[in-house]
Amino acid sequence: MNDTIAAIATPLGKGAISVIKISGNSALNILKQLTQKQDFTPRYAYVCDIFSNGVLLDKALVIYFKAPYSFTGEDVCEIQCHGNPLLAQNILQACLNLGARLAKAGEFSKKAFLNHKMDLSEIEASVQLILCEDESVLNALARQLKGELKIFIEEARGNLLKLLASSEVLIDYSEEDIPSDFLDEVSLNLEKQIASFKDLLDFSNTQKQKNKGHALSIVGKPNAGKSSLLNAMLLEERALVSDIKGTTRDTIEEVIELQGHKVRLIDTAGIRESADKIERLGIEKSLKSLENCDIILGVFDLSKPLEKEDFNLIDTLNRAKKPCIVVLNKNDLAPKLELEILKSHLKIPYSLLETNTLNSKACLKDLSQKISAFFPKLDTQNKLLLTSLAQKTALENAIFELQNAKNHLETLELFSYHLLSAIESLNLLTRPYETSQMLDSMFSEFCLGK
(Lines of atoms letter the chains of each structure in order from A and count residues from 1; the text may use other names and numbers.)
(Lines give C-alpha, C1' and ligand atoms only; values in the text may rest on other atoms or scores of the structure.)
Protein backbone atom coordinates (compact mmCIF):
# COMPACT_ATOMS: atom_id res chain seq x y z
CA MET A 1 0.00 0.00 0.00
CA ASN A 2 2.90 2.40 0.65
CA ASP A 3 4.52 1.84 -2.74
CA THR A 4 4.37 4.55 -5.37
CA ILE A 5 2.95 3.05 -8.54
CA ALA A 6 2.77 4.26 -12.13
CA ALA A 7 1.08 3.10 -15.32
CA ILE A 8 -0.23 4.27 -18.68
CA ALA A 9 -3.97 4.77 -18.16
CA THR A 10 -4.99 5.08 -21.82
CA PRO A 11 -5.08 2.32 -24.47
CA LEU A 12 -1.80 1.86 -26.30
CA GLY A 13 -2.00 3.34 -29.76
CA LYS A 14 -1.63 6.66 -31.52
CA GLY A 15 -4.11 9.38 -30.65
CA ALA A 16 -4.50 12.92 -29.35
CA ILE A 17 -3.14 12.20 -25.85
CA SER A 18 -1.81 9.46 -23.61
CA VAL A 19 -2.21 9.63 -19.84
CA ILE A 20 0.37 8.40 -17.32
CA LYS A 21 -0.83 8.09 -13.71
CA ILE A 22 1.36 8.06 -10.59
CA SER A 23 0.01 7.32 -7.10
CA GLY A 24 1.77 7.17 -3.75
CA ASN A 25 3.86 9.13 -1.27
CA SER A 26 6.60 9.83 -3.83
CA ALA A 27 4.27 10.87 -6.66
CA LEU A 28 4.78 14.63 -6.24
CA ASN A 29 8.56 14.28 -5.89
CA ILE A 30 8.68 12.23 -9.10
CA LEU A 31 6.61 14.87 -10.90
CA LYS A 32 8.97 17.62 -9.70
CA GLN A 33 11.98 15.75 -11.06
CA LEU A 34 10.28 15.01 -14.37
CA THR A 35 9.28 18.66 -14.90
CA GLN A 36 12.21 20.37 -13.13
CA LYS A 37 9.51 22.47 -11.44
CA GLN A 38 9.06 22.72 -7.66
CA ASP A 39 5.69 24.33 -7.00
CA PHE A 40 2.38 22.65 -7.86
CA THR A 41 -0.98 23.83 -6.55
CA PRO A 42 -3.33 20.84 -6.15
CA ARG A 43 -5.99 20.45 -8.86
CA TYR A 44 -4.42 23.05 -11.15
CA ALA A 45 -3.36 22.14 -14.68
CA TYR A 46 0.17 23.07 -15.75
CA VAL A 47 1.83 22.89 -19.16
CA CYS A 48 5.33 21.59 -18.47
CA ASP A 49 8.34 20.20 -20.28
CA ILE A 50 8.98 16.56 -19.35
CA PHE A 51 12.61 15.47 -18.92
CA SER A 52 14.43 12.19 -18.38
CA ASN A 53 18.05 12.47 -17.22
CA GLY A 54 18.13 16.02 -18.56
CA VAL A 55 16.81 15.00 -22.00
CA LEU A 56 13.58 16.68 -23.13
CA LEU A 57 10.86 14.10 -23.87
CA ASP A 58 7.71 16.15 -24.46
CA LYS A 59 5.62 19.16 -23.50
CA ALA A 60 2.64 17.88 -21.50
CA LEU A 61 -0.28 18.87 -19.31
CA VAL A 62 0.23 17.80 -15.68
CA ILE A 63 -2.13 17.82 -12.68
CA TYR A 64 -1.35 17.13 -9.02
CA PHE A 65 -4.07 15.75 -6.70
CA LYS A 66 -3.09 15.99 -3.03
CA ALA A 67 -4.12 13.19 -0.66
CA PRO A 68 -6.77 12.40 0.39
CA TYR A 69 -8.62 14.30 -2.35
CA SER A 70 -7.78 11.96 -5.22
CA PHE A 71 -9.10 8.79 -6.84
CA THR A 72 -6.84 6.53 -4.76
CA GLY A 73 -6.83 8.65 -1.60
CA GLU A 74 -3.05 9.09 -2.01
CA ASP A 75 -1.02 11.79 -3.74
CA VAL A 76 -1.78 11.33 -7.44
CA CYS A 77 -0.14 12.95 -10.47
CA GLU A 78 -1.40 12.73 -14.03
CA ILE A 79 0.73 13.47 -17.08
CA GLN A 80 -1.17 14.04 -20.32
CA CYS A 81 1.41 13.76 -23.10
CA HIS A 82 1.06 13.54 -26.87
CA GLY A 83 -0.54 10.27 -27.92
CA ASN A 84 2.44 8.35 -29.22
CA PRO A 85 2.84 4.97 -27.46
CA LEU A 86 6.65 5.20 -27.63
CA LEU A 87 6.54 8.60 -25.97
CA ALA A 88 4.17 7.37 -23.24
CA GLN A 89 6.42 4.37 -22.60
CA ASN A 90 9.47 6.64 -22.30
CA ILE A 91 7.73 8.86 -19.74
CA LEU A 92 6.53 5.80 -17.81
CA GLN A 93 10.08 4.42 -17.79
CA ALA A 94 11.32 7.76 -16.46
CA CYS A 95 8.81 7.45 -13.59
CA LEU A 96 10.08 3.95 -12.84
CA ASN A 97 13.68 5.16 -12.92
CA LEU A 98 12.77 7.78 -10.29
CA GLY A 99 11.44 5.20 -7.83
CA ALA A 100 7.93 4.25 -8.88
CA ARG A 101 7.10 0.66 -9.69
CA LEU A 102 4.86 -0.55 -12.49
CA ALA A 103 1.26 -0.87 -11.25
CA LYS A 104 -0.46 -4.23 -11.34
CA ALA A 105 -3.79 -4.64 -13.13
CA GLY A 106 -6.49 -2.79 -11.18
CA GLU A 107 -4.07 -1.56 -8.51
CA PHE A 108 -5.20 2.07 -8.65
CA SER A 109 -8.78 0.94 -8.00
CA LYS A 110 -7.60 -1.41 -5.27
CA LYS A 111 -5.92 1.52 -3.51
CA ALA A 112 -9.15 3.53 -3.84
CA PHE A 113 -11.08 0.66 -2.27
CA LEU A 114 -8.64 0.09 0.59
CA ASN A 115 -8.56 3.83 1.31
CA HIS A 116 -12.39 3.88 1.50
CA LYS A 117 -12.77 6.10 -1.57
CA MET A 118 -15.07 3.54 -3.24
CA ASP A 119 -17.03 0.51 -2.07
CA LEU A 120 -17.32 -2.83 -3.85
CA SER A 121 -20.50 -1.92 -5.73
CA GLU A 122 -18.88 1.24 -7.11
CA ILE A 123 -15.73 -0.67 -8.07
CA GLU A 124 -17.83 -3.26 -9.92
CA ALA A 125 -19.72 -0.48 -11.72
CA SER A 126 -16.52 1.23 -12.86
CA VAL A 127 -15.14 -1.87 -14.56
CA GLN A 128 -18.53 -2.71 -16.13
CA LEU A 129 -18.80 0.83 -17.51
CA ILE A 130 -15.56 0.18 -19.38
CA LEU A 131 -16.67 -3.23 -20.67
CA CYS A 132 -20.35 -2.48 -21.32
CA GLU A 133 -21.55 -3.01 -24.91
CA ASP A 134 -25.22 -2.21 -24.24
CA GLU A 135 -26.27 1.42 -24.37
CA SER A 136 -29.47 0.77 -22.44
CA VAL A 137 -27.59 -0.32 -19.31
CA LEU A 138 -25.13 2.58 -19.14
CA ASN A 139 -27.48 4.70 -17.04
CA ALA A 140 -27.91 1.98 -14.42
CA LEU A 141 -24.14 1.55 -14.22
CA ALA A 142 -23.58 5.30 -13.89
CA ARG A 143 -26.07 5.42 -11.02
CA GLN A 144 -24.32 2.50 -9.35
CA LEU A 145 -20.98 4.28 -9.74
CA LYS A 146 -22.57 7.31 -8.09
CA GLY A 147 -23.32 5.10 -5.08
CA GLU A 148 -27.05 4.45 -5.42
CA LEU A 149 -26.70 0.67 -5.01
CA LYS A 150 -24.64 1.28 -1.88
CA ILE A 151 -27.38 3.56 -0.50
CA PHE A 152 -30.05 0.95 -1.29
CA ILE A 153 -28.10 -1.83 0.44
CA GLU A 154 -27.17 0.32 3.45
CA GLU A 155 -30.80 1.38 3.94
CA ALA A 156 -31.89 -2.26 3.82
CA ARG A 157 -29.10 -3.21 6.20
CA GLY A 158 -30.13 -0.45 8.62
CA ASN A 159 -33.72 -1.65 8.52
CA LEU A 160 -32.69 -5.23 9.29
CA LEU A 161 -30.40 -4.08 12.12
CA LYS A 162 -33.37 -2.34 13.75
CA LEU A 163 -35.38 -5.55 13.52
CA LEU A 164 -32.45 -7.47 14.98
CA ALA A 165 -32.14 -5.02 17.87
CA SER A 166 -35.87 -5.30 18.62
CA SER A 167 -35.60 -9.08 18.56
CA GLU A 168 -32.63 -9.06 20.94
CA VAL A 169 -34.57 -6.88 23.39
CA LEU A 170 -37.47 -9.34 23.37
CA ILE A 171 -35.06 -12.25 23.90
CA ASP A 172 -33.78 -10.50 27.03
CA TYR A 173 -37.38 -10.47 28.30
CA SER A 174 -38.14 -14.01 27.14
CA GLU A 175 -40.53 -14.68 30.01
CA GLU A 176 -43.06 -12.34 28.42
CA ASP A 177 -45.21 -13.25 25.42
CA ILE A 178 -44.19 -11.84 22.05
CA PRO A 179 -46.65 -9.06 21.12
CA SER A 180 -48.80 -10.13 18.16
CA ASP A 181 -48.61 -6.67 16.60
CA PHE A 182 -44.80 -6.97 16.64
CA LEU A 183 -44.98 -10.25 14.72
CA ASP A 184 -47.38 -8.80 12.16
CA GLU A 185 -45.26 -5.68 11.68
CA VAL A 186 -42.02 -7.64 11.30
CA SER A 187 -43.61 -10.12 8.89
CA LEU A 188 -44.86 -7.29 6.67
CA ASN A 189 -41.48 -5.57 6.86
CA LEU A 190 -39.65 -8.72 5.79
CA GLU A 191 -42.09 -9.35 2.93
CA LYS A 192 -41.42 -5.86 1.54
CA GLN A 193 -37.66 -6.28 1.93
CA ILE A 194 -37.65 -9.67 0.23
CA ALA A 195 -39.79 -8.30 -2.62
CA SER A 196 -37.40 -5.38 -3.21
CA PHE A 197 -34.41 -7.74 -3.25
CA LYS A 198 -36.16 -10.13 -5.67
CA ASP A 199 -37.00 -7.23 -7.97
CA LEU A 200 -33.33 -6.22 -8.07
CA LEU A 201 -32.23 -9.82 -8.64
CA ASP A 202 -34.82 -10.51 -11.37
CA PHE A 203 -33.93 -7.34 -13.25
CA SER A 204 -30.21 -8.13 -13.02
CA ASN A 205 -30.74 -11.68 -14.32
CA THR A 206 -32.82 -10.36 -17.23
CA GLN A 207 -30.15 -7.79 -18.00
CA LYS A 208 -27.41 -10.42 -17.89
CA GLN A 209 -29.24 -12.47 -20.51
CA LYS A 210 -29.74 -9.33 -22.59
CA ASN A 211 -26.03 -8.48 -22.38
CA LYS A 212 -25.20 -11.75 -24.12
CA GLY A 213 -27.03 -10.37 -27.14
CA HIS A 214 -30.18 -11.50 -28.89
CA ALA A 215 -29.34 -14.42 -31.19
CA LEU A 216 -31.04 -13.98 -34.57
CA SER A 217 -30.84 -16.83 -37.09
CA ILE A 218 -31.34 -16.14 -40.79
CA VAL A 219 -32.77 -19.24 -42.49
CA GLY A 220 -34.16 -20.04 -45.91
CA LYS A 221 -33.69 -22.19 -48.96
CA PRO A 222 -30.56 -21.70 -51.10
CA ASN A 223 -30.51 -18.43 -53.08
CA ALA A 224 -33.42 -16.91 -51.17
CA GLY A 225 -31.14 -14.00 -50.32
CA LYS A 226 -29.98 -14.85 -46.77
CA SER A 227 -26.38 -13.78 -47.27
CA SER A 228 -27.46 -10.63 -49.10
CA LEU A 229 -29.70 -9.87 -46.13
CA LEU A 230 -26.77 -10.33 -43.72
CA ASN A 231 -24.59 -8.04 -45.83
CA ALA A 232 -27.37 -5.44 -45.92
CA MET A 233 -27.70 -5.48 -42.15
CA LEU A 234 -23.93 -5.15 -41.72
CA LEU A 235 -23.69 -2.56 -44.52
CA GLU A 236 -20.70 -4.51 -45.83
CA GLU A 237 -19.90 -7.57 -47.94
CA ARG A 238 -19.39 -10.09 -45.13
CA ALA A 239 -20.93 -13.19 -46.75
CA LEU A 240 -20.23 -14.50 -50.24
CA VAL A 241 -23.21 -14.00 -52.56
CA SER A 242 -23.58 -16.27 -55.59
CA ASP A 243 -26.25 -17.69 -57.89
CA ILE A 244 -24.78 -21.15 -57.24
CA LYS A 245 -26.84 -23.08 -54.69
CA GLY A 246 -25.03 -24.18 -51.53
CA THR A 247 -22.50 -21.31 -51.52
CA THR A 248 -22.91 -20.84 -47.75
CA ARG A 249 -21.86 -24.15 -46.19
CA ASP A 250 -21.32 -23.03 -42.61
CA THR A 251 -22.89 -20.57 -40.19
CA ILE A 252 -21.50 -17.03 -40.20
CA GLU A 253 -21.93 -14.97 -37.03
CA GLU A 254 -21.60 -11.20 -36.67
CA VAL A 255 -22.62 -8.74 -33.94
CA ILE A 256 -24.47 -5.49 -34.57
CA GLU A 257 -26.33 -2.98 -32.40
CA LEU A 258 -29.98 -2.24 -33.05
CA GLN A 259 -31.61 0.55 -31.03
CA GLY A 260 -29.27 0.03 -28.08
CA HIS A 261 -29.52 -3.78 -28.13
CA LYS A 262 -26.71 -6.16 -29.05
CA VAL A 263 -27.81 -8.62 -31.75
CA ARG A 264 -25.85 -11.67 -32.89
CA LEU A 265 -26.69 -12.29 -36.55
CA ILE A 266 -26.29 -15.91 -37.65
CA ASP A 267 -26.34 -16.54 -41.40
CA THR A 268 -26.99 -20.22 -42.05
CA ALA A 269 -26.53 -22.67 -44.89
CA GLY A 270 -29.52 -22.94 -47.23
CA ILE A 271 -31.93 -25.62 -46.01
CA ARG A 272 -32.49 -28.26 -48.70
CA GLU A 273 -31.88 -31.94 -49.41
CA SER A 274 -28.27 -32.35 -50.50
CA ALA A 275 -25.97 -35.23 -51.43
CA ASP A 276 -22.91 -33.14 -50.56
CA LYS A 277 -21.55 -34.27 -47.17
CA ILE A 278 -20.07 -30.89 -46.25
CA GLU A 279 -23.24 -29.03 -47.24
CA ARG A 280 -25.32 -31.48 -45.18
CA LEU A 281 -23.17 -30.70 -42.14
CA GLY A 282 -23.80 -27.00 -42.73
CA ILE A 283 -27.55 -27.62 -42.96
CA GLU A 284 -27.45 -29.57 -39.68
CA LYS A 285 -25.73 -26.59 -38.04
CA SER A 286 -28.43 -24.34 -39.49
CA LEU A 287 -31.16 -26.40 -37.86
CA LYS A 288 -29.19 -26.52 -34.60
CA SER A 289 -28.88 -22.73 -34.56
CA LEU A 290 -32.68 -22.47 -34.48
CA GLU A 291 -32.77 -24.29 -31.14
CA ASN A 292 -30.50 -21.71 -29.51
CA CYS A 293 -31.65 -18.50 -31.16
CA ASP A 294 -34.11 -15.91 -29.81
CA ILE A 295 -35.55 -14.66 -33.11
CA ILE A 296 -35.76 -16.25 -36.57
CA LEU A 297 -35.66 -14.47 -39.90
CA GLY A 298 -37.34 -16.86 -42.34
CA VAL A 299 -36.35 -15.68 -45.83
CA PHE A 300 -38.51 -16.43 -48.89
CA ASP A 301 -37.91 -15.41 -52.51
CA LEU A 302 -40.93 -13.30 -53.48
CA SER A 303 -40.03 -13.55 -57.17
CA LYS A 304 -40.50 -17.34 -57.35
CA PRO A 305 -43.49 -19.64 -56.71
CA LEU A 306 -43.47 -21.72 -53.54
CA GLU A 307 -41.71 -25.05 -53.94
CA LYS A 308 -40.84 -28.07 -51.83
CA GLU A 309 -37.87 -26.39 -50.13
CA ASP A 310 -40.11 -23.47 -49.08
CA PHE A 311 -42.66 -25.82 -47.51
CA ASN A 312 -39.83 -27.65 -45.72
CA LEU A 313 -38.74 -24.28 -44.33
CA ILE A 314 -42.30 -23.53 -43.18
CA ASP A 315 -42.37 -26.87 -41.32
CA THR A 316 -39.02 -25.99 -39.74
CA LEU A 317 -40.34 -22.60 -38.56
CA ASN A 318 -43.48 -24.20 -37.13
CA ARG A 319 -41.44 -26.77 -35.19
CA ALA A 320 -39.01 -24.17 -33.84
CA LYS A 321 -41.81 -22.22 -32.12
CA LYS A 322 -39.65 -19.09 -31.86
CA PRO A 323 -40.54 -15.44 -32.56
CA CYS A 324 -40.39 -15.20 -36.34
CA ILE A 325 -40.10 -12.49 -38.96
CA VAL A 326 -41.09 -13.76 -42.41
CA VAL A 327 -38.98 -11.81 -44.88
CA LEU A 328 -40.29 -11.70 -48.45
CA ASN A 329 -37.09 -10.80 -50.25
CA LYS A 330 -36.58 -9.42 -53.77
CA ASN A 331 -39.73 -7.29 -53.88
CA ASP A 332 -38.06 -5.28 -56.65
CA LEU A 333 -38.94 -8.17 -58.99
CA ALA A 334 -42.37 -9.28 -60.23
CA PRO A 335 -44.04 -11.22 -57.38
CA LYS A 336 -44.80 -14.90 -58.06
CA LEU A 337 -44.91 -16.30 -54.52
CA GLU A 338 -48.40 -17.43 -53.41
CA LEU A 339 -48.62 -15.30 -50.27
CA GLU A 340 -51.99 -16.58 -49.04
CA ILE A 341 -50.80 -20.18 -49.27
CA LEU A 342 -47.67 -19.26 -47.31
CA LYS A 343 -49.77 -17.59 -44.60
CA SER A 344 -52.15 -20.54 -44.36
CA HIS A 345 -49.30 -22.98 -43.70
CA LEU A 346 -47.65 -20.90 -40.96
CA LYS A 347 -48.96 -22.09 -37.57
CA ILE A 348 -46.92 -19.71 -35.39
CA PRO A 349 -47.18 -15.98 -34.60
CA TYR A 350 -45.09 -14.08 -37.12
CA SER A 351 -44.38 -10.63 -38.48
CA LEU A 352 -44.30 -10.05 -42.26
CA LEU A 353 -41.83 -7.83 -44.11
CA GLU A 354 -41.38 -7.22 -47.83
CA THR A 355 -37.96 -5.87 -48.76
CA ASN A 356 -35.00 -6.14 -51.08
CA THR A 357 -31.31 -5.99 -50.33
CA LEU A 358 -30.39 -3.70 -53.23
CA ASN A 359 -31.13 -0.71 -50.96
CA SER A 360 -29.11 -1.72 -47.90
CA LYS A 361 -29.99 1.28 -45.73
CA ALA A 362 -33.74 1.00 -46.36
CA CYS A 363 -33.59 -2.75 -45.78
CA LEU A 364 -31.72 -2.26 -42.49
CA LYS A 365 -34.23 0.36 -41.34
CA ASP A 366 -37.19 -1.91 -42.10
CA LEU A 367 -35.61 -4.90 -40.38
CA SER A 368 -34.53 -2.87 -37.35
CA GLN A 369 -38.10 -1.80 -36.70
CA LYS A 370 -39.40 -5.36 -37.02
CA ILE A 371 -36.64 -6.94 -34.92
CA SER A 372 -36.71 -4.34 -32.14
CA ALA A 373 -40.42 -5.06 -31.60
CA PHE A 374 -39.35 -8.40 -30.07
CA PHE A 375 -36.92 -6.82 -27.59
CA PRO A 376 -38.11 -6.66 -23.96
CA LYS A 377 -38.89 -3.12 -22.85
CA LEU A 378 -36.70 -2.66 -19.77
CA ASP A 379 -36.87 0.50 -17.66
CA THR A 380 -33.20 1.02 -16.85
CA GLN A 381 -33.71 4.68 -15.94
CA ASN A 382 -35.07 3.83 -12.49
CA LYS A 383 -33.41 0.48 -11.87
CA LEU A 384 -30.36 -0.61 -9.92
CA LEU A 385 -28.19 -3.42 -11.26
CA LEU A 386 -26.03 -6.23 -9.91
CA THR A 387 -23.02 -6.65 -12.17
CA SER A 388 -21.18 -9.72 -10.88
CA LEU A 389 -21.85 -13.29 -9.85
CA ALA A 390 -20.53 -12.51 -6.36
CA GLN A 391 -23.11 -9.74 -5.92
CA LYS A 392 -25.97 -11.93 -7.14
CA THR A 393 -24.91 -14.83 -4.92
CA ALA A 394 -24.75 -12.53 -1.89
CA LEU A 395 -28.25 -11.17 -2.55
CA GLU A 396 -29.66 -14.66 -3.18
CA ASN A 397 -28.23 -15.76 0.18
CA ALA A 398 -29.72 -12.69 1.87
CA ILE A 399 -33.17 -13.50 0.42
CA PHE A 400 -32.85 -17.13 1.55
CA GLU A 401 -31.95 -16.09 5.10
CA LEU A 402 -34.75 -13.51 5.28
CA GLN A 403 -37.27 -16.15 4.22
CA ASN A 404 -35.92 -18.42 6.96
CA ALA A 405 -36.16 -15.58 9.46
CA LYS A 406 -39.79 -14.98 8.48
CA ASN A 407 -40.55 -18.69 8.96
CA HIS A 408 -39.11 -18.61 12.50
CA LEU A 409 -40.70 -15.42 13.78
CA GLU A 410 -42.10 -17.10 16.88
CA THR A 411 -38.69 -18.52 17.83
CA LEU A 412 -36.72 -15.34 18.37
CA GLU A 413 -33.31 -17.00 18.73
CA LEU A 414 -33.65 -18.63 15.29
CA PHE A 415 -35.19 -15.46 13.85
CA SER A 416 -32.20 -13.40 15.04
CA TYR A 417 -29.73 -15.98 13.73
CA HIS A 418 -31.16 -15.92 10.20
CA LEU A 419 -31.54 -12.14 10.27
CA LEU A 420 -27.88 -11.73 11.21
CA SER A 421 -26.89 -14.14 8.42
CA ALA A 422 -28.86 -12.01 5.93
CA ILE A 423 -27.08 -8.85 7.14
CA GLU A 424 -23.69 -10.55 6.74
CA SER A 425 -24.61 -11.51 3.16
CA LEU A 426 -25.52 -7.89 2.40
CA ASN A 427 -22.15 -6.77 3.76
CA LEU A 428 -20.47 -8.67 0.93
CA LEU A 429 -22.13 -6.35 -1.61
CA THR A 430 -20.51 -3.15 -0.37
CA ARG A 431 -18.07 -3.89 2.43
CA PRO A 432 -14.49 -5.25 2.35
CA TYR A 433 -13.75 -8.88 1.63
CA GLU A 434 -12.05 -10.65 4.50
CA THR A 435 -8.92 -11.91 2.73
CA SER A 436 -6.30 -10.19 0.62
CA GLN A 437 -6.38 -13.19 -1.73
CA MET A 438 -10.01 -12.47 -2.65
CA LEU A 439 -9.16 -8.81 -3.20
CA ASP A 440 -6.24 -9.69 -5.47
CA SER A 441 -8.49 -12.01 -7.49
CA MET A 442 -11.14 -9.33 -7.96
CA PHE A 443 -8.85 -6.47 -9.00
CA SER A 444 -6.75 -8.64 -11.33
CA GLU A 445 -9.64 -8.41 -13.83
CA PHE A 446 -9.05 -4.67 -14.22
CA CYS A 447 -6.80 -3.09 -16.81
CA LEU A 448 -3.45 -1.43 -16.10
CA GLY A 449 -3.77 2.17 -15.00
CA LYS A 450 -7.25 1.60 -13.54
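The backbone N, Cα and C atoms fix where each Cβ goes, glycine too.
Taken from Swiss-Prot as is:
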BINDING   Lys21, Glu78, Lys117, Lys450  (6S)-5-formyl-5,6,7,8-tetrahydrofolate binding site
BINDING   Asn223, Ser242, Ile244, Thr247  K(+) binding site
BINDING   223-228, 242-248, 267-270  GTP binding site
BINDING   Ser227, Thr248  Mg(2+) binding site
DOMAIN    213-376  domain 'TrmE-type G'
Mean predicted confidence [pLDDT] for the domain 'TrmE-type G' (213-376): 76
In three-state DSSP terms, the structure that Lys21 ((6S)-5-formyl-5,6,7,8-tetrahydrofolate binding site) belongs to: strand
DSSP three-state assignment (helix, strand or coil) for Asn223 (K(+) binding site): coil
Among Asn223, Ser227, which are binding-site residues, the residue with the most C-beta atoms within 10 angstroms of its C-beta: Ser227
Candidate with sparsest Cβ neighbourhood (10 Å radius) among Lys21, Lys226, the listed binding-site residues: Lys21
